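Below is one structure, written out as structure tokens, with a few remarks after it.
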There are 6 protein chains.
Amino acid sequence: MKMICTLFLFSLLFSSTYALDFCVGDVKGPESPAGYLCKPSAKVTVDDFVFTGLGIAGNTSNIIKAAVTPAFSAQFPGLNGLGISIGRLDIAVGGVIPFHTHPSASEVLLVLQGKICAGFVSSANTVYLQTLTKGDVMIFPQGLLHFQLNGGGTPAIAYVSFSDPSPGLQILDFALFANDLSSALVEATTFLDDAQVKKLKSVLGGTG
Amino acid sequence: MKMICTLFLFSLLFSSTYALDFCVGDVKGPESPAGYLCKPSAKVTVDDFVFTGLGIAGNTSNIIKAAVTPAFSAQFPGLNGLGISIGRLDIAVGGVIPFHTHPSASEVLLVLQGKICAGFVSSANTVYLQTLTKGDVMIFPQGLLHFQLNGGGTPAIAYVSFSDPSPGLQILDFALFANDLSSALVEATTFLDDAQVKKLKSVLGGTG
Amino acid sequence: MKMICTLFLFSLLFSSTYALDFCVGDVKGPESPAGYLCKPSAKVTVDDFVFTGLGIAGNTSNIIKAAVTPAFSAQFPGLNGLGISIGRLDIAVGGVIPFHTHPSASEVLLVLQGKICAGFVSSANTVYLQTLTKGDVMIFPQGLLHFQLNGGGTPAIAYVSFSDPSPGLQILDFALFANDLSSALVEATTFLDDAQVKKLKSVLGGTG
Amino acid sequence: MKMICTLFLFSLLFSSTYALDFCVGDVKGPESPAGYLCKPSAKVTVDDFVFTGLGIAGNTSNIIKAAVTPAFSAQFPGLNGLGISIGRLDIAVGGVIPFHTHPSASEVLLVLQGKICAGFVSSANTVYLQTLTKGDVMIFPQGLLHFQLNGGGTPAIAYVSFSDPSPGLQILDFALFANDLSSALVEATTFLDDAQVKKLKSVLGGTG
Amino acid sequence: MKMICTLFLFSLLFSSTYALDFCVGDVKGPESPAGYLCKPSAKVTVDDFVFTGLGIAGNTSNIIKAAVTPAFSAQFPGLNGLGISIGRLDIAVGGVIPFHTHPSASEVLLVLQGKICAGFVSSANTVYLQTLTKGDVMIFPQGLLHFQLNGGGTPAIAYVSFSDPSPGLQILDFALFANDLSSALVEATTFLDDAQVKKLKSVLGGTG
Amino acid sequence: MKMICTLFLFSLLFSSTYALDFCVGDVKGPESPAGYLCKPSAKVTVDDFVFTGLGIAGNTSNIIKAAVTPAFSAQFPGLNGLGISIGRLDIAVGGVIPFHTHPSASEVLLVLQGKICAGFVSSANTVYLQTLTKGDVMIFPQGLLHFQLNGGGTPAIAYVSFSDPSPGLQILDFALFANDLSSALVEATTFLDDAQVKKLKSVLGGTG
């Protein structure tokens, strides 16, 4: 009996805050450069480590006929501080995830269904292009421009993992055409024609 | 015309080795603490960034009725240096991925098919346990003991991502019973009974 | 005189908050993924950088006949953010620090007194085992299962340093048997026998 | 005399390779994920730490009327492993450094001469735009699209520093139009018109 | 029209807090080991990323005939979390930036005007010394003692970049002679003579 | 029997190079910015993880009456890549470890025997000073000037741990006086008197 008690105390000893095993994000509070501050351990439950919803298709009834469903630290606070995140891509027939970058993460894409044509461009302007089918995995190194499009006749599904809980997502067209950056500046810094810039600004709701 | 030539030179300029966009591992050569040395850029092709085979079920005709198919940097050298890796789990009915840890990575598991009962234990000895179905995602923080087992009546499939290109995998039973660590030492350091240790050593091929 | 004044002002200039030399943890406040928030510099004194008590033997009157006295950032907030911590091991005759891992740190152990038999197991299931005496140092790489036991006839003392201010400590027996993880799940995920699991759960105060 | 000898030996002792103060890159040899392997210490001289040439204007007689003179680890191997690099921008009247990203580094730009209009776009598509004059400094966070153009009537000069010895440089126009990525793919993934794509491909020497 | 609306919603979707592109420091609030907590994104403007004042000469009417004008994260909160900072050196004729270290950053110095004699000493006690003129760049690896002095007959100006937003600055003379460290301790730990120590303590306002 | 075979194959599977558990340094070969390249796993034995000799007193028959016995990655290659190292200090009566810095590591000192007076100076020139006795631990944050001296009447022993396998060691007196840095430069950059500089150069074997 005494042994059990002693052990129990020993167990209590080691139950104290010796470790920062995880840091579930308190997403309502302030962020640090390393991510959200941690929710108190006592309030953490298994629900903080489980995310549901990536089994459901995203809504592809939009201009790109595609959807990104993120499970990043903002949506899934259990990932905070852990160096990884995940998401789902749905790309309808004729759909595309247009050229974009993730400023702070490399990406690994796994095709679940359908055919996806994917590519990225290196700093040396070399193109790495492949058509992927079910079970294929492709890497998109950190910060490089890349795209995915449906390369077949059926809806495509893929899962994407990132080397950061908050990888960022900068879609080229939105960055150039969906804000108040003036057409003149866009033209001067991209060499695109005025008509082209104004057309896409109009479509994407940009001003200036 | 002159403009094009000038630009072309400009392009050449920027095509040189200004950046280490990626570091495809030379897996035959030596490793550094940060991963394999890089294959020369000139020899890198899109094939270095594409891995096939995760669409195929692993062989679950074994004692655990489960299989892990890794796409870590040793199998998929394009991941070298990029802070991420991926793998596939197949767990037949009654199968289990026994208690294990990944010494250098957090894990994110996504259920593709079937029902998986998964759990991890924190440093405070708290258990985080959940039954997961298709589309559910669960986090296993770095270095903590965790397991996955088939919690349903059909084969289960899951994809796992890791926050390191070489996450490591230490399976508890193999670490304790599948090597030459003497039974006496195992018993002294685990409080398991002699018969229990010898039984599992016998099953798992351990000596001593 | 003017020179002194000028210099004094110069000194004041450089006395302001140009640097984050250290970040003594405010252990009552919230944590970030990188550790506790910092106590204001103005309130930091030398006492924040000094810890006393590692000269005193831990209480080994317990079932493992051993004690761990940690000086991690929770106990010694001056270590917060500095990438290192320390602790003391006392292992009585017949005592043992059972199999355990540190999820976020490598360990260096230095024997001060007595004889310690120590070992760790790699991901490849190789055992690295050694009997250590006074002045010997042994490394336990991050996240790998390891143990230390008294290998002699006198009490043993060692100091352990870790590559993280909060290295974590997951003791195998406590993780498996000292919580509410059901015996059925423990058995399914460890291949241990029912009687063995229930016996250790009983000893360690586990339920289920 | 004996004292000097003793000290001298002491000095020799501490002169050995206790530290990796720096790791001047052996740029002919292989790279690791953390940078080039180190040139042997014995062959390192002060010349490895000094770079000349940033005082000289780059040649702006090209289509963008601008020049980037990098002192990255490939050009300045002393930076290898040190987490920083530098470069010079010359932007003639009417010149522009077109939209680009640095995949692995944040940038700090300091205007030395002239007037520079600079901007970056965040992941939230917000534009951060400013006209800078001599002595102004502007930050461009890692991986985000940004540009600089001469906003005045005289040549502009700026120095740029990066938080990585090899920050990378992906110029949007070159990535899209100066390689063999087919026009069809560019159009599908950027929503640019066919004529626009073909025009820029022609100018920039792209094929497909 | 529907298309635009759809796209607009899409744009809103991607405008949410998916990414931590930057973390402008809230310098009045607490710090974490990784830097200041972040100012809310909604309150961030371009002014947070622009610093003015490095075009103005620092006041060199002091004993060292030199001035350091820092733009570190404490002065320029936009740098918080970004791994880089910048500053300006003015060194009048006969002026010097005395021996000092930056505990957490490597430095890159660029000479803008005049002649600067600069040097650093490695752990192996080797001296790396060079006279620099306009356009020359010199590296000072992290934590090593270094100095800069005006090596010509005209005022010298340089810009310095650091591999950390808060590099720290420990000036040897101030550390030894401008505080309350007793002369006896300074002498015992530097081998300097008592008269020398007291003389410099007097000049620099030190006590004890 | 079949079960055992299957398991054995399974074991072999997991024995392959899935993980980089450790990277014992090949100290004869080249270094990377992250440390030495790794000795092949097959050649690693437990001896690579064990260092003997820290139980033996260093030779304090020298001018500082003190000795540092390092077990850094150059002496103890098993530490390579693991973020930690260790050493022993012996300080005879009247002995001192003079003012020094570790450019790349924080230090934790544990007193084993005797009385040690230790101190460090922050970037703000504040002195943190304490007399330590057996069992006391003191922190010296990365890159800051610090010292230890025997503050009692008996030999003192301490163990020091560092947050880097190769912490570096720059002893102030050696950096200033034990090399070919000219007296004129030392004087100009330290404000020490000519006689003082020449005296110490003479003692320490410096030239110039």
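For all residues, glycine too, the Cβ spot is worked out from N, Cα and C.
The signal peptide feature in TrEMBL is assigned to A:1-19. As annotated by TrEMBL, disulfide bond applies to A:Cys23-A:Cys38. Residues annotated as domain 'Cupin type-1' in TrEMBL: A:52-198. Marked as Mn(2+) binding site by TrEMBL: A:His100, A:His102, A:Glu107, A:His146. The oxalate binding site feature in TrEMBL is assigned to A:His102, A:Glu107.
Mean pLDDT, taken over the domain 'Cupin type-1' (A:52-198), works out to 97 on the 0 to 100 scale. If you take the C-beta of A:Cys23 (disulfide bond) and look for same-chain residues 6 or more apart in sequence within under 8 angstroms, you find A:Gly35, A:Tyr36, A:Leu37, A:Cys38, A:Asn80, A:Gly81, A:Leu82. Apart from the site residues A:His100, A:His102, A:Glu107, A:His146, the chain places the Cβ of A:Thr101, A:Phe120, A:Phe140, A:Leu144, A:Leu145, A:Pro167, A:Leu169 no farther than 8 Å from the centroid of the site's Cβ atoms, the recorded Mn(2+) location. Secondary structure at A:His102 (Mn(2+) binding site), taken from DSSP and collapsed to helix, strand or coil, is coil.
Around the Cβ of A:His100 (Mn(2+) binding site), 22 further Cβ atoms fall within 10 Å across all displayed protein chains. The most crowded of the binding-site residues listed here (A:His102, A:His146) is A:His102, judged by how many other CB atoms sit within 10 Å of its own CB. Residues from the set of recorded positions A:Cys23, A:Cys38, A:His102, A:Glu107 situated with their C-beta under 8 Å of a chain C C-beta: A:Cys23, A:Cys38. A:Cys38 (disulfide bond): 22 other CB atoms within 10 A of its CB, across all protein chains.
Taken residue by residue with DSSP, A:Cys38 (disulfide bond) is part of a strand. Spatially close to A:Glu107 (Mn(2+) binding site) yet at least six residues away along the chain are A:Ile139, A:Phe140, A:His146, A:Val160, A:Ser161, A:Phe162, A:Ser163, A:Pro167, judged by Cβ distances under 8 angstroms. Helix first, then strand, then coil: DSSP counts for the domain 'Cupin type-1' (A:52-198) stand at 22 helix, 57 strand, 68 coil. Taken residue by residue with DSSP, A:Cys23 (disulfide bond) is part of neither helix nor strand, so it is coil.
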